[in-house]
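See structure below.
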């Protein structure tokens, strides 16, 4: 019996071909399984009381295996970003908006003899994974490099330990993983009419890919019921640095059965100008629609921020300025959003 099970697993592993993260359509996703995508749902599907947390911890991590690694930015992008699919055998279930920890191989340079510290990465797939089996998870990782002013180039002696490990990984490579962790970025699915405002810089797009696939690309209970507007703001340097644009465009053309829709706005800092003639950063793009954003929040929308922590001062300064123009007390307004759990922030 053991040999039969092993042979079956090996056959499945050999036959598995992941769907490309840049070419997946709703038709392909639905064809990946003969039934509705509902086998990983809670009862009812929006109940968050059973969200998995810390299934695997630092001292006893899970060993995942890389299925594929793909560069997903163009040649003129600022840096390299990769989409990495990892097999977890269904043993590390997660929900959209959660993160995995990755322990890169080698010793911790600050603690000789100890393993490297855990790095957290927002999961960039729905709970069903890119192949819809519930056995994989995807990460969106930007290779971290360090500019040397003397060399006037990236210093090869200094580089991100974990991001380089992941971006250089290939099929079959092992990855020590912890988690899943976090509940801050979960979607509020109990009221399917809830609008979502998703603000991201760079790889901060990761959790929103899980949101959008769940609502617009998969045959889930959430997708069937969703009747709100999911509004994505993405800030990157240029067009070559846009992430998953083909997926967003397809999702825009796929409203849900209940009337839910995706809306999309980009802030390209090196290709567009803000109203003052400066570079178009993410806060400038959100400000263009400030009246509509504030109205949605007043009506119960949830707003999410994910990306580099340097994005938040500009965002908060902009929101304060808008509040002043509307004669709104910013601290009271923000406090109300936080009290109602409409404000979600995950920056790094």
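For all residues, glycine too, the Cβ spot is worked out from N, Cα and C.
Please treat TrEMBL annotations as automatic predictions, because they have not gone through curation.
According to TrEMBL:
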type	residues	note
BINDING	122, 142, 203, 269, 270, 279, 307, 308, 346	NADP(+) binding site
DOMAIN	59-187	domain 'FAD-binding FR-type'
SIGNAL	1-15	signal peptide
Item checked: DSSP helix/strand/coil residue counts for the domain 'FAD-binding FR-type' (59-187) -> 7 helix, 61 strand, 61 coil
Check: Minimum Cβ neighbour count within 10 Å among the binding-site residues 122, 203: which residue?
Finding: 203
Check: Counting every protein chain present, what is the number of Cβ atoms, excluding its own, within 10 Å of the Cβ of residue 346 (NADP(+) binding site)?
Finding: 19
Next item on the list: Report the largest Cα to Cα distance, in Å and rounded to a whole number, among the residues 122, 142, 203, 269, 270, 279, 307, 308, 346 that the record lists as binding NADP(+).
Entry: 27
Notebook entry, point to check: What average pLDDT is reported by the model for the domain 'FAD-binding FR-type' (59-187)?
Noted result: 93
Notebook entry, point to check: For the binding-site residues 270, 307, which one has its C-beta crowded by the most other C-beta atoms within 10 angstroms?
Noted result: 307
